[in-house]
Structure formats: structure tokens, C-alpha cells
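The domain 'Tudor' annotation in TrEMBL covers 4-62. Per TrEMBL, region 'Disordered' is recorded for 53-112. The compositional bias 'Low complexity' annotation in TrEMBL covers 66-75. Among the features that TrEMBL reports, compositional bias 'Basic residues' is placed at 76-97. Feature annotation from TrEMBL assigns compositional bias 'Basic and acidic residues' to 101-112. Under the heading transmembrane segment, TrEMBL lists 212-230, 250-273, 294-313, 325-344, 455-475, 481-500, 521-542, 562-581.
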Amino acid sequence: MPSRKFADGEVVMGRWPGSVLYYEVQVTSYDDVAHLYTVKYKDGTELALKESDIRSQSSFKHRKSQSSSSSPSRRSSSRSRSRSRSPGRPAKGRRRSASQSREHKDDKKKAIQETSLALPVLALFKRSENNTKRYNGEPESTEKNDTSCVILEQKLKPDLEINRVLEQYSLRSRKDDKKKEDIYSVKKTFVAVKPIEKVPTKTKELEFGGRIGTFMLVFLLPATVLYLLLMCKQDDPSLLNFPPLPALESLWEGRVFGVFLLWFFLQAVFYLLPIGKVVEGLPLSSGRKLQYRINGFYAFILTAAAIGVLLYFQFELHYVYDHFMQLAVSATAFSLALSIYLYVRSLKAPEEELAPGGNSGYIIYDFFTGHELNPRIGSFDLKYFCELRPGLIGWVVINLAMLLAEMKIHNLSVPSLSMILVNSFQLLYVVDALWNEEAILTTMDITHDGFGFMLAFGDLVWVPFVYSLQAYYLVGHPTSITWPAAAAITVLNCIGYYIFRSANSQKNNFRRNPADPKLANLKFIPTATGKGLLVTGWWGFVRHPNYLGDIIMALAWSLPCGFNHILPYFYVIYFICLLVHREARDEHHCKQKYGLAWERYCQRVPYRIFPYIY
Ligand code: NDP
């Protein structure tokens with residue numbers, strides 16, 4: 001096994017992935033197995049690099065000194081060659097005479113600033129040229145030109161300089177900024193032509209309490225579902241009134257499991273129907289883009305039609321209510337089996353297809369968080385399918401079953417106002433998610449988290465069986481609310497929905513098409529990755545406005561259940577915890593991705609979710 005060349009803490013020059021540029025970086029660790037160095041750029045970005053992409057600083061200093069000793073004629077020719085490739089290059093014919101040295105120095109400083117964000121992009125074009133070596137900062141090269149000089153100085157400039165560069169490009173309205181189109185088109189090209197080639201490394205920072213935490217969660221999550229459903233069945237579901245444990249045999253029935261399988265595979269058939277457009281997801285670390293069929297809303301319509309037919313033929317949908325616990329157990333068993341399958345198949349997955357957060361090497365951790373990022377059987381994307389179909393549509397069907405059960409059990413000719421509100425609000429949420437299905441492709445679940453127990457259980461058990469808790473509660477605990485109260489709760493839900501939808505759409509549109517004229521009045525901070533961070537509009541209000549909207553809606557879903565018990569408020573309490581934790585995870589990832597730009601964003605937008613509170 002070859003020994004490592006660079007030590008932890010050593011400051012070296014690291015190649016920017018996918019480009020020919022070298023930047024000053026610090027080695028933070030070394031992976032003996034993958035033979036990769038984790039290095040930290042000055043803007044805080046951390047990447048894993050191969051040894052061949054790292055050079056010692058001395059080799060660059062050596063080169064720089066060679067440059068300065070080169071003949072003016074050579075310098076002049078290389079200057080004219082490279083000028084067309086870099087907007088930051090000095091004007092043609094400018095010579096480095098002593099009398100002009102000050103002016104040249106200023107120009108160069110300006111050039112450094114102007115190219116700071118665009119250089120990695122320009123390098124992509126340079127790379128394909130046959131004279132690449134002349135511009136790539138290779139230490140062994142003896143060729144010199146002003147471009148390399150600019151690049152070298154840029155690499156060596158202190159943090160303060162980077163800060164100034166960011167300052168210069170930050171917080172400009174795209175409407176007013178004349179240069180913005182240039183900057184922007186370059187950024188877009190960067191993203192479209194080639195994403196940063198991140199070599200997947202082992203996950204070092206473990207989340208969810210690491211191995212012990214994830215091990216416990218595998219048991220705790222199903223136990224919580226069981227507990228909540230048992231509590232809901234009680235006449236007095238007070239916290240201190242612990243429900244008696246049911247007989248094990250009462251929790252399982254083969255036929256109910258069959259019903260669950262039927263449901264799952266029916267949704268799979270709907271997913272496979274060749275209706276709806278096919279779109280590309282965000283680029284993977286390999287640069288590849290996966291294709292996704294957008295037909296969730298059609299699946300919902302087809303499901304609604306199928307349920308309509310069942311009801312027409314007098315099928316008793318409150319079967320779902322009667323066998324609710326058994327259905328939840330069936331879904332749990334299925335999600336566990338699916339997670340085992342996912343983990344086993346992930347062991348054979350190529351390294352670049354593993355999830356950035358689920359590749360720790362610890363079985364339980366990777367099993368829980370998901371080892372493989374996008375497990376597919378042919379073109380059937382298991383994670384994408386489970387995210388929005390069986391669980392989410394299932395949630396609406398369960399709610400409807402609860403509504404019918406309420407009417408039947410309490411001999412009502414119409415459902416209660418509370419039940420109507422809960423059903424309507426949650427129906428709106430699900431229809432919205434399916435209508436905007438494409439937006440899921442830019443969420444953490446798809447782009448960062450692997451598909452393991454966490455998402456399989458979350459999608460197939462937690463969402464349908466816990467999120468429908470209010471409707472389940474209302475069947476056993478009728479609650480009447482007044483019309484004014486119902487109106488106030490509806491307004492609250494609409495406010496939450498408006499914030500949630502407009503914030504998500506704003507970010508999604510910005511990510512998909514940053515040049516969208518509808519977003520022209522928004523300001524953003526550019527980042528070294530080529531993506532911008534919105535600092536006005538919803539994303540300038542708080543750092544996660546979509547979470548704020550979601551939480552407001554969650555409260556509106558619980559309020560129709562009255563104030564007799566805390567149980568129907570479980571959802572909003574849990575949801576605040578989930579989103580606060582999720583926000584912290586996202587914050588951490590964004591800091592790694594965007595470094596200094598993210599810090600500037602946080603300074604500009606200090607509150608995370610709740611304005612003036614958190
Ligand atoms: P978000 O949709 O909030 O996405 C976070 C990402 O947005 C960041 O990683 C970053 O990614 C990008 N981003 C952050 N700040 C900015 C900015 N200022 N400008 C532009 N882009 C920015 O994450 P989630 O996937 O967690 O949530 C999606 C939706 O799903 C939310 O509405 C949430 O409430 C909801 N949700 C619902 C759950 C439920 O159980 N009901 C569970 C979890 C989420 P990048 O820069 O790489 O694009």
C-alpha cells in the first residue's frame with residue numbers, strides 16, 4: 001500500500017475538481033482505503049482529492065519565479081492567446097514597464113477580483129484545449145503567461161481578499177446589475193456543462209446519534225407508531241394513561257398484509273404508466289442526470305377513480321379503520337424487508353452511487369440512513385416512487401376511511417366540521433405535493449439522503465399512519481367546533497400554505513432556471529459552486545421559510561381536534577422537532593458546500609425558521 005505524501009494540516013495546492021486550476025487548500029484527513037485526501041479550500045468548501053490532484057506549494061512558488069524571469073516576447077504571445085479566454089485579463093498591448101507597474105498592479109488586482117468567481121468555469125473550457133498544460137499551473141511546466149500569474153496570485157490571496165471579492169459580487173439586484181448576465185451565464189454554464197466532481201468518501205460526521213442512535217431509532221420509531229395508535233384507541237388518551245399492550249396475534253393478519261401489498265403494487269403500476277412528462281434530476285456527483293417520470297398527480301386521479309368504483313360497489317372503506325393497527329404493522333414489516341433488500345443491494349453498488357451521508361462503513365448506520373443514493377430496478381426509482389406515492393396517497397385514503405368510519409360509528413349524515421377541515425387541509429397538502437412533484441427532485445431526500453430504513457419507514461409507515469392521527473383521533477373522540485373557529489383555522493392554514501408554496505416555488509424556480517424573468521427582482525449571493533443563495537423574497541425573510549409555512553399548517557391541522565388532549569398535537573410538536581433538526585442538518589451541509597458565502601447569507605438572514613425567535 002503506497003504511503004501518503006501529504007500530512008494532515010499541511011497547506012498544499014489542490015486542483016479544483018473538473019478544472020485545471022489549483023487553489024491553496026489545507027489537508028484535513030486521509031482515507032487509507034479510498035486513497036483520498038479531504039482538503040479544505042479557503043472559502044470553507046471541503047472536497048476529497050486524489051494525490052495526483054495535489055501539489056506542494058513550493059512547486060508553485062518555483063513556477064512563479066520562473067514566470068517572472070521569462071522573456072517578454074514569450075509573455076506577450078501567451079498573453080494574446082489567453083486574453084480571449086479570461087475576462088479578467090489585462091488589455092491587449094499593455095506592457096509591464098516600470099512606469100506602468102502601479103497601474104498594472106491595480107488592473108491585476110481588479111482582474112483577480114473579477115475572475116474570482118468565474119475562473120473555475122473558464123477552466124472548463126480551457127481544459128479541452130491542446131495547450132492546457134500552459135495554463136493549468138502544473139509545477140513541472142516552464143511555460144509562463146499572465147493568466148497563470150493571475151491564477152497563482154488569486155490562489156495565494158488571504159481570506160480577506162476572498163471576502164472582498166464576495167462583497168463585490170454580493171447583494172445586487174439582477175435587474176440593475178449590468179454585469180450580472182455575464183456572471184450569471186458563466187455560472188449557469190458551469191452547472192450545466194459539468195458539475196463539481198466530488199469523489200464520494202466515507203461519511204465521517206455521523207448524524208442521528210451515530211451507531212447507537214440509529215440502532216435505537218430502528219426500534220423506537222415503530223414503537224412510537226404503535227404507541228400513538230394504541231393511545232388513540234383509548235377513551236381517555238391522556239399521556240399518563242398508558243395503553244395496555246395488545247396480544248401479538250391481534251397485530252398480524254395475512255389478509256391485511258395482502259391488502260397492503262395490493263396497494264403498494266397498484267401504485268407501482270400507476271408509476272410505470274407511460275403518462276406524464278419525463279424530467280431530469282439535478283446532476284449527480286458523477287455528472288450524470290437521472291430521468292424521472294412526473295405522473296404522481298395522474299396516479300392520484302387514478303386512485304381516486306379506483307376508490308370511487310369500490311365505494312360504488314359498496315366496498316366498506318372503514319375496513320381501513322377496523323384494521324388500522326394491522327395495516328400499520330404490515331407496512332412496518334414491508335418497510336423493514338425493503339430496507340434489508342436496499343442495504344444488501346447497496347453493497348454491490350459502485351462507489352459513486354452511494355449516498356454522501358450514508359457511507360460510514362457501519363452497517364447499522366448505513367442501513368438506517370440509506371447506503372445507496374438512488375436505488376433503481378431498471379428505470380424504476382425506488383426512493384422517488386416511495387417518497388410520494390404509496391404513503392402520501394395512502395394518507396389521503398386513510399383520512400377518507402376515517403371520515404366514513406366517523407359517519408358510520410356516530411350515525412352521521414354528514415361528517416363533523418372538524419373532520420372536514422382535517423381532511424380538506426391534508427388533501428390540499430397531498431395534492432399540492434403531487435401537483436408540484438418535480439420540486440421533490442431538488443429536496444434533501446432525493447439529492448443527499450440515501451434510501452434506507454429512515455426513508456422507507458418514513459414514507460410507508462410514518463407518513464400515512466402518524467400524519468393521519470388527527471382524523472383517527474376524531475373518529476373515537478368527536479369534537480365540535482364553531483364556524484368562526486373553523487374560519488379562523490382555515491385562514492391560518494391558508495397563510496401557512498401560502499408561505500410554504502411560494503417559498504418552495506421561489507427556490508425551486510431559482511434552482512431550475514435562475515434567469516427566470518419572474519425572479520428578476522430577487523437578489524442573491526453568488527457562491528463558488530456557481531449556484532446563488534437568494535437573500536430577498538421569502539429566503540431573505542428567514543433561512544427556511546418553507547419550514548415556517550409547513551409548521552403553521554401543522555398547527556392548523558391539529559386545532560380542529562380541540563384542546564381536550566395533547567395527542568392530536570403530537571404531529572405539530574414532532575414536526576417542529578423534525579424541522580429544527582432537519583434545518584440544522586441542512587445548515588451544516590450548506591456551510592460545507594458554500595463556505596464563506598453561506599456565512600454571509602446567515603449574517604444577512606439571521607433567523608432560521610421563526611422570525612425574531614429562532
Ligand atoms: P429545502 O427545500 O428547504 O431545501 C434546502 C436546500 O435549499 C438547501 O440545501 C440548499 O440547497 C437550498 N437553499 C438553502 N438556502 C437557499 C437560498 N437562500 N437560496 C437558494 N437555495 C437555498 O429542504 P427540504 O428538502 O428539507 O424541504 C422541502 C420541503 O419539504 C419543505 O417545504 C419542508 O417543509 C417539506 N418537508 C416536509 C416533511 C413532512 O414530513 N411533511 C419532511 C421534510 C420536509 P442547494 O443550494 O444545494 O440547492
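Glycine residues also receive a Cβ, built from the backbone N, Cα and C atoms like all the rest.
Note that the coordinates shown come from a computational prediction; the quantities given were computed from them, not determined experimentally.
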Problem - Maximum Cβ pairs under 8 Å to the transmembrane segment (325-344) - stretch from the list 294-313, 455-475, 521-542, 562-581 - result: 455-475
Handout entry: Residues of the parent chain within Cβ reach of the transmembrane segment (455-475), under 8 Å, 6 or more residues beyond its termini
Key = 221-222, 224-225, 228-229, 232, 237, 264, 321, 324, 327-328, 331-332, 334-336, 338-339, 342, 370, 383, 386-387, 390-392, 394-395, 398-399, 402-403, 405-406, 409, 416, 418-419, 422-423, 426, 445, 449, 557-558, 560-561, 565, 567-568, 570-571, 574
Exercise for the section: Could you give the residue numbers and ranges of same-chain residues that sit at least 6 residues beyond the transmembrane segment (562-581) on either side and whose C-beta is under 8 angstroms from one of its C-beta atoms? Expected result: 228, 231-232, 237-239, 418, 466-467, 469-470, 473-474, 477, 479, 481, 544, 547, 550-551, 554-555, 608-609, 614
Fill in the blank from the handout: Near the transmembrane segment (481-500) in space but 6 or more residues beyond its ends, with Cβ under 8 Å, are 417-418, 421, 425, 428-429, 432, 538, 545-546, 548-557, 559-560, 562
Exercise for the section: Could you please provide the mean pLDDT value for the domain 'Tudor' (4-62)? Expected result: 74
